[in-house]
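Taken from Swiss-Prot as is:
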- 1-25: topological domain 'Extracellular' (TOPO_DOM)
- Asn5: N-linked glycosylation site (CARBOHYD)
- 26-46: transmembrane segment (TRANSMEM)
- 47-57: topological domain 'Cytoplasmic' (TOPO_DOM)
- 58-78: transmembrane segment (TRANSMEM)
- 79-97: topological domain 'Extracellular' (TOPO_DOM)
- Cys97-Cys189: disulfide bond (DISULFID)
- 98-118: transmembrane segment (TRANSMEM)
- 119-142: topological domain 'Cytoplasmic' (TOPO_DOM)
- 143-163: transmembrane segment (TRANSMEM)
- 164-196: topological domain 'Extracellular' (TOPO_DOM)
- 197-217: transmembrane segment (TRANSMEM)
- 218-240: topological domain 'Cytoplasmic' (TOPO_DOM)
- 241-261: transmembrane segment (TRANSMEM)
- 262-271: topological domain 'Extracellular' (TOPO_DOM)
- 272-292: transmembrane segment (TRANSMEM)
- 293-313: topological domain 'Cytoplasmic' (TOPO_DOM)
Amino acid sequence: MRLKNHSSVSEFLLLGFPIRPEQGGIFFSLFLAMYLITVLGNLLIILLIRLDSHLHTPMYFFLSHLAFTDISFSSVTVPKMLTKVQNQPIPITYEECVSQTYFFIFFADLDSFLITSMAYDRYMAICHPLHYITIMSQSRCAMLVAVSWVIASACALLHSLLLDQLSFCADHTVPHFFCDLGALLKLSCSDTSLNQLVIFTAGLAAIMLPFLCILISYGRIGFTILQVPTTKGICKALSTCGSHLSVVALYYGSIIGLYFLPPSNSKINNNIVASVMYTVVTPMLNPFIYSLRNKDMKGALKKLLSKKTEFSK
């Protein structure tokens, strides 16, 4: 059913990437490979966590949800982009654009909340090990994930409803490869001050506040380690937190650089590069980060492969 907006615009044109037509095949192959790696890698993480009882812990519970979110996050933008990357611009209907905006914001915020929950889990494991099992109970972990879903859904719904109230000018070309909310607001003929206020407020609540909580958590972890600076303790902390810190740096580095730092002269191209980093590259790298630097994940993978070999015999 057609959304009730104040605009006669029936579709938008996504300009996609600033590339030459002959480069379309290369970009199609590249992004298709990255998307397949994202889906298969994160599905493997979910499978390993489900099958290996040693991974039925709070940290891996959050990781399985993060893997699902990463698959969904990339799936919001990449498949649509792949269908027309060799024949830009990319047409997208008004309804599809609003829906894409909703799910993009939803999974982006959910990613942020889940990464924060994982930092809280690491903080409790290192700073309060005696109370860890009691505090990080199965019900507590499920509650953290459920609250993350509810808040992310509410934020995305608010942005989408406000977007649907806007009128759009004759120019309906979006200088991006997906329906980016900021780019859409620039095309509007309506007053977008309320939208901008909500973006700023929600950005603080969904991105900057979780990032601050992560920094505080790791600050407390570092302080705890330095109180008893043994080589074994430092190595254990790095093993426990190293993978998560890498994900934090990739995800928040891209988003903060895109939305919270002063714009540069080549703002459009920089926006596209930063968006590719946190919508395509980061979800693709997460399985490698968590598997290559994690003994438990590597052990679970070896057991799965050994079982497969025995079954084939």
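Glycine is no exception: its Cβ is also placed from the backbone N, Cα and C atoms.
Not measured: the values here are computed from a predicted model.
Long-range Cβ contacts of the transmembrane segment (143-163) within its own chain (Cβ-Cβ under 8 Å, at least 6 residues beyond either end) map to 61-62, 65, 98, 101-107, 109-110, 113-114, 117, 120, 181, 184-185, 194-195, 198-199, 202, 205-206. Using the rule of three or more Cβ pairs under 8 Å, pairs at least 6 apart in sequence, the transmembrane segment (58-78) is not in contact with the transmembrane segment (241-261). Residues belonging to the topological domain 'Extracellular' (262-271) score a mean pLDDT of 60 in the model. Look at Cys189 (disulfide bond): DSSP puts it in coil. Here the transmembrane segment (26-46) touches the transmembrane segment (272-292). Their Cβ atoms form 3 or more pairs under 8 Å, with each pair 6 or more residues apart. Long-range contacts of the transmembrane segment (241-261) within the same chain: residues 108, 111-112, 115, 118-119, 122, 126, 182, 203, 207-208, 211, 214, 218, 221, 270-271, 274-275, 277-278, 281-282, 285-286, 289-290, 293-294, each at least 6 residues beyond the stretch ends and with a Cβ under 8 Å from a Cβ of the stretch.
DSSP labels the residues of the topological domain 'Cytoplasmic' (47-57) in these numbers: 8 helix, 0 strand, 3 coil.
The list of residues near the topological domain 'Extracellular' (164-196) in space but at least 6 beyond its ends in sequence, with Cβ under 8 angstroms from a Cβ of it, reads 3-7, 9, 11-17, 76-77, 80-81, 89-90, 92, 96-98, 100-101, 104-105, 259, 268, 271-272, 275, 279.
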